[in-house]
């Protein structure tokens, strides 16, 4: 009934863990990648990956790469055209740096962010074919989804607000999914070490749940000029995205990046 379709490094894991605290939601923890990598395995395979649900419960999964996969909207639409779609978006510049940071932790030998970000550094030409940058051109990807799904079936969650006001964003998510607002501020506490909210322990388990070591990594220092150029590059696409969604995510207001 619902899918978290994006975006990578936007806050999809945090959202999934928070919504799983709701008794009427059953979600698979791993990313099934059915509508991009495993589609030829067929619907039965997908069904078997999913958790068993009772009548009245919502079955969910999250695979952030769906948002940027050309075939995904058509495939999802042909499976269940009423599916509700959730996209967690965050400032494309910080998202790109976070994406790079994740790759760097796995492959320390890759070139610097600056080298990868530019086609031509002297001319300041951004390399939009590099996936870390391409994913953040949200308007471009959204256009693809709007050919199959009405805007009313898509919820855009702010990755920034998921950190500053998790309960507020979760209220919107629960309303969108037609659920009672059960996940509220009493489910969260702010973890100072991590720098983001964590889920308090549910009644049935003893430990509070924080996202793993791979979350909240320290970003490498990026040349401010590069950040400035990236902001300039993204600005028209951001504005287009705000117009398409009818929501202003205020990424232009953040003069200084965390």
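Glycine is treated like the rest: Cβ placed from N, Cα and C.
Those TrEMBL annotations? Automatic predictions, nothing curated.
Fair warning: this is a prediction, and the values are worked out from it, not measured in the lab.
These come from TrEMBL:
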- 9: active site, for sulfotransferase activity (ACT_SITE)
- 9, 10, 11, 12, 13, 90, 98, 215, 216, 217, 218, 219: 3'-phosphoadenylyl sulfate binding site (BINDING)
- 198-210: disulfide bond (DISULFID)
- 2-235: domain 'Sulfotransferase' (DOMAIN)
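If you average pLDDT over the domain 'Sulfotransferase' (2-235) in this model, you get 93. Taking the Cβ of residue 210 (disulfide bond) as reference, residues of its chain lying under 8 Å away and at least six apart in sequence are, in sequence order, 191, 194, 198, 199. The least crowded of the binding-site residues 98, 218, judged by other CB atoms within 10 A of its own CB, is 218.
Minimal Cβ crowding within 10 Å, among the recorded positions 9, 11, 13, 198, 216, is found at 216. Residue 9 (active site, for sulfotransferase activity) sits 6 Å from residue 98 (3'-phosphoadenylyl sulfate binding site), taking the C-alpha atoms as the reference points. The full span of the recorded 3'-phosphoadenylyl sulfate binding residues, 9, 10, 11, 12, 13, 90, 98, 215, 216, 217, 218, 219, taken as their largest Cα to Cα distance, is 19 Å.
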